[in-house]
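Asker: Structure incoming, see below.
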Amino acid sequence: MANQLYGRPPWLLLAAAAVLLLASSAASGLTTGYYRKSCPRAEQIVAEVVMNKQITSPTTAAGALRLFFHDCFVGGCDASVLVSTNAFNRAEREADINLSLPGDAFDAVVRAKTALELACPGAVSCADILALAARDLVTMLGGPFFAVPLGRKDGLASRASAVEGNLPRPNMTAGAMVALFAAKGFSVREMVALAGAHTVGFSHCKEFAARIFQGGGAFDSAMEPRFARALKRACANYLNDGTISTFNDVMTPGKFDNMYYLNLKRGLGLLASDQALAADARTRPFVDLYASNQSAFFGDFSRAMVKLSLVGVKTESSGEVRRRCDQFNNLAT
């Protein structure tokens, strides 16, 4: 049904999308073989480090995905979200919406950077490390593997004031999300595919409290009643303990699969912005498609992730390879 919306055979759409992504990465100066001479083991080193981190800290994968998305949607995929605030600047990671980004995700990138600096000093950017880490961790959890074009440089700016309005909020309507993603160059189909990243990870109760605590014991009518009541019990003390959280996907929380979409069809979406995708006429056909066809989800997710990784990339003239991911080489920047 979703394919019919395009009025073209699915194979033709996929081929055209692949050609466009290749052309876009080439125009940005990125290539899958970028480190072939300067750091031949770059991808292997990143994979080994982040996979070891995931084994010891199972929240790393979902955190890295969220970190990657928050980086790319604010000024492009340039590792600006990794920069720490200093005396001269309040950085992106200090913005309200970024305060809950998990430390394990930052730590995974820092560890990979340390290993790469020992092997190939000054060669591999933090932006490329984050892009590779997100891909490798998706694959580790059972998701698709896809080639990541490389050669990004790290950005020279990171400002908390630039964040607001560039990232989706948990209570956004489908219409607001469609508009936000369209402004970044993403179609409705790509938006719904990227939302599938919520098949892993967790959300704090404050992000969906408005759905389950509506007065008089009521809850959002779009929620499956037993699910809503279980969440009310789990989050009963969230006002006193802001760390209380629940899995985004209560069925297979540690596996990257299409269960997220099946959950939406059953009223088991955690965030209002998630559940809205199953109700809106523009997004529902893709929820139905991915719920019934995991291969379609994996294919679309892979292409959307590659496209995401090309947003606003910095190259030689507009970036640098940071020595440390959390600070610019010029500390006064």
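Glycine is no exception: its Cβ is also placed from the backbone N, Cα and C atoms.
Whatever TrEMBL says is automated annotation, not expert-curated.
Below are the features listed in TrEMBL for this protein:
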| type | residues | note |
| --- | --- | --- |
| ACT_SITE | His70 | active site, proton acceptor |
| BINDING | Asp71, Val74, Gly76, Asp78, Ser80, Glu92 | Ca(2+) 1 binding site |
| BINDING | His198 | heme b binding site |
| BINDING | Thr199, Asp249, Thr252, Asp257 | Ca(2+) 2 binding site |
| SIGNAL | 1-29 | signal peptide |
Asker: Using Cα coordinates, what distance in whole Å links Ser80 (Ca(2+) 1 binding site) and Asp249 (Ca(2+) 2 binding site)?
Answerer: 29
Asker: Neighbour count, 10 Å Cβ-Cβ cut-off, for His198 (heme b binding site): what number do you get?
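Answerer: The Cβ of His198 (heme b binding site) has 25 Cβ neighbours within 10 Å.
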Asker: Which one of these binding-site residues has the most other Cβ atoms within 10 Å of its own Cβ: Asp78, Asp249, Asp257?
Answerer: Asp78
Asker: Return the single residue from the binding-site residues list (Ser80, Thr252) that has the minimum number of other CB atoms within 10 Å.
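Answerer: Per-residue Cβ counts within 10 Å for the binding-site residues Ser80, Thr252 bottom out at Thr252.
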Asker: Can you tell which of Asp71, Glu92 has the least company, meaning the fewest other C-beta atoms within 10 angstroms of its C-beta, among these binding-site residues?
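Answerer: So among Asp71, Glu92, the binding-site residues given, the one with the fewest Cβ atoms within 10 Å is Glu92.
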Asker: Based on Cα distances to Thr199 (Ca(2+) 2 binding site), point out the closest of the recorded positions His70, Asp71, Glu92.
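Answerer: So, of the listed recorded positions, the one sitting closest to Thr199 (Ca(2+) 2 binding site) is His70.
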Asker: Would you kindly give the Cα-Cα distance separating Glu92 (Ca(2+) 1 binding site) and His70 (active site, proton acceptor), rounded to the nearest Å?
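Answerer: Cα to Cα, His70 (active site, proton acceptor) and Glu92 (Ca(2+) 1 binding site) are separated by 9 Å.
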Asker: To the nearest whole angstrom, state the Cα distance for the pair Asp257 (Ca(2+) 2 binding site) and Glu92 (Ca(2+) 1 binding site).
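Answerer: Per the Cα atoms, Asp257 (Ca(2+) 2 binding site) and Glu92 (Ca(2+) 1 binding site) stand 30 Å apart.
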Asker: Of all the binding-site residues given, namely Asp71, Val74, Glu92, which is spatially nearest to Asp249 (Ca(2+) 2 binding site) at the Cα level?
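Answerer: For Asp249 (Ca(2+) 2 binding site), the spatially nearest of the binding-site residues is Asp71.
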Asker: Rounded to a whole number, how many Å is the Cα of Glu92 (Ca(2+) 1 binding site) away from the Cα of His198 (heme b binding site)?
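Answerer: Rounded to the nearest whole number, the Cα-Cα distance is 22 Å.
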Asker: Whole-number answer please: how many Å between the C-alpha atoms of His198 (heme b binding site) and Asp71 (Ca(2+) 1 binding site)?
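Answerer: The Cα atom of His198 (heme b binding site) is 17 Å away from the Cα atom of Asp71 (Ca(2+) 1 binding site).
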Asker: Counting Cβ neighbours within 10 Å across all chains shown, tell me which of the recorded positions His70, Val74, Thr199 comes out on top.
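Answerer: The largest 10 Å Cβ neighbour count belongs to Thr199.
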